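**Student:** According to TrEMBL, the domain 'FAS1' annotation covers 70-213. Marked as region 'Disordered' by TrEMBL: 227-247. If you look up TrEMBL, you'll see 1-24 marked as signal peptide. The feature transmembrane segment is assigned by TrEMBL to 260-280.
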Amino acid sequence: MTCNIVSPFLFLFYFLLQFTCNLAQAPAMAPIPPAQSSAPASPPPTISSPPAPLSSPIVASAPAPGPSGPPNVIKILAKAGSCSTFIKLLQITHEVGEITSYLNKSNSLTMFVPPDGAFLNLKTGTLNSFSDQRKADLVKFHILPSYFSLSQFQTASNPVPTQAGGTTNREFPINITTNGTAVNITTGIVNASLTSTIYTDSQLAIYQVDKVLLPLKFFVPPLPPAPAPAPSKPQKDDPSSDSSSVNVVPSGATSLLPHMFRGMVYPGSFFFFSVCFVYMS
């Protein structure tokens with residue numbers, strides 16, 4: 001009885017064991033695809049190619065800085081201070097443009113600038129009495145057409161010409177003398193001294209002087225021109241000194257000479273022979 005009950009269980013256990021072994025050895029089932037929806041399928045995403053590398057922008061190079069212009073005289077004097085009167089003269093006479101043009105041509109200059117106090121020390125009304133041309137000449141009289149350093153004043157050849165004119169016939173010259181480091185300027189009207197250096201480079205030198213440089217030509221007229229030599233006077237005829245003059249005898253008197261000669265010779269000869277005859281007898 002016991003054997004009959006166990007046999008079916010053994011058979012069942014053996015069957016389950018074989019089924020389990022076969023199930024483990026069977027290939028895995030493919031996954032069930034998901035149910036498709038009724039909506040249209042979206043297209044597959046496109047794979048965009050990577051963007052091309054951006055080329056660096058072409059930047060125009062800045063132009064090389066050109067040569068700097070000449071120094072600005074007005075700015076230099078304004079920065080120095082106490083030069084407003086001379087600045088005004090430069091502007092109203094348009095000499096500042098002449099100075100800039102002169103320096104642009106690689107020329108050199110030396111300037112003597114009086115301070116405002118020096119103009120106040122002038123006789124009342126002196127500056128206002130000058131015509132526009134004289135004011136321009138006054139400014140030019142304070143400018144030398146060459147560069148002078150402090151040491152070069154010691155070898156200056158007097159008289160020194162200025163931008164106003166030359167050195168002949170009382171035009172616009174100045175005389176520069178030195179005594180050690182002191183520099184003195186003489187115009188024939190004013191004796192001034194150089195007090196300080198306002199600006200200097202290899203082309204332009206600006207010095208301050210203690211007085212306004214007044215030209216001699218403004219107050220003393222030029223020398224009159226030398227008179228032309230007088231023409232030689234023609235000499236009068238002098239009969240006594242004229243060797244070619246001959247005393248002319250009238251023709252009538254000339255005709256009488258032979259008769260007078262004969263009248264003198266014949267009587268004399270007769271008398272001579274008479275005396276000789278008496279003496280011989």
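Glycine too: its Cβ is placed from the backbone N, Cα and C atoms.
Automated prediction, rather than curation, is the source of TrEMBL annotations.
Keep in mind it's a predicted model, so treat the numbers as computed, not measured.
Each of the listed features needs to be described in terms of its position in the shown structure.
**Tutor:** Mean pLDDT across the domain 'FAS1' (70-213) comes to 94 in this model.
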**Student:** Could you count the residues of the domain 'FAS1' (70-213) that DSSP puts in helix, in strand and in coil?
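**Tutor:** The counts are 51 helix, 37 strand, 56 coil.
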